[in-house]
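> Below is one structure. I have some questions about it.
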Amino acid sequence: MPERLYQEEKQRAVNVLNDLKIKLYNKGWFPATSGNLSYKLHDDPLIFAVTTSGKDKGTVSHEDVMFVDKDGKPIEKTRMKPSAETMIHSYIYKKTDAGCIIHIHTPNNNFISYVYAQDSKVKIKDLEMIKALDIWEENSEIEVPIVENYFDLNKLAQETGKVINPKVPAVLIKTHGIYCWGRNEFEAKRHVEAFEFMFELMKNLILFKSTKDIW
Ligand SMILES: CSCCC(=O)C(=O)COP(=O)(O)O
Ligand SMILES: [Zn+2]
């Protein structure tokens, strides 16, 4: 690819991630520097833009996004450090058709991951919002996998990769957060908004009915 077009694509990826980051920050979904985002530039070899580690997601600077390969290594010399969870993004890109990945920590996704952790999955059904995941069958049910929050981030990435169900664009990490993706930034945002809506509702049903057997 000519250098100029490549630079334009990289700038577009930076703009997409910064725009998405601010929109989601304004919903309160990146508290205390938590969360990260990525956007795929190239499939084979895998190259993606990813947010840098430990940054306040409510601000935009020239050091918020960088470019890495399949091993999470920078593709060009830089002082910046990629997200500590970059390898989770890499496994998701390898195992799915994702073009954009969103990771957020919220009280609702942490609550649901905690309540259903023993089952290693959480079932969602009877909710109109499932259609926002592009699932249109009548009486559809989905199961979102839940992985342990392994301290070793390479193990966490591998285990996340293992439980991915290509029909369900999300994985929950117990008392940590959600990884959610789509083929592009529009789809990834729609999916994460849908999951957060459904998890909040489910949390309220669990508390209202005093049982995790809400369906
Ligand atoms: C402050 S939250 C702990 C780290 C984390 O889980 C996260 O999502 C942010 O890590 P990053 O390296 O991407 O800033
Ligand atoms: Zn995290």
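Residue numbering: from 1, along the chain as shown.
Placed from the backbone N, Cα and C atoms, the Cβ positions cover glycine too.
As listed in TrEMBL for this protein:
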type    : residues       : note
DOMAIN  : 15-203         : domain 'Class II aldolase/adducin N-terminal'
BINDING : His103, His105 : Zn(2+) binding site
> Using all protein chains in view, find how many other C-beta atoms are within 10 Å of the C-beta of His103 (Zn(2+) binding site).
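Excluding its own Cβ, the number within 10 Å is 26.
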> Is His105 (Zn(2+) binding site) helix, strand or coil when read with DSSP?
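Where His105 (Zn(2+) binding site) sits, the three-state DSSP reduction gives coil.
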> Given a separation of at least six residues and a C-beta threshold under 8 Å, show me what packs close to His105 (Zn(2+) binding site) in the same chain.
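Same-chain residues close to His105 (Zn(2+) binding site) (Cβ under 8 Å, separated by 6 or more) are Trp29, Phe30, Pro31, Ser34, Gly35, His176, Gly177.
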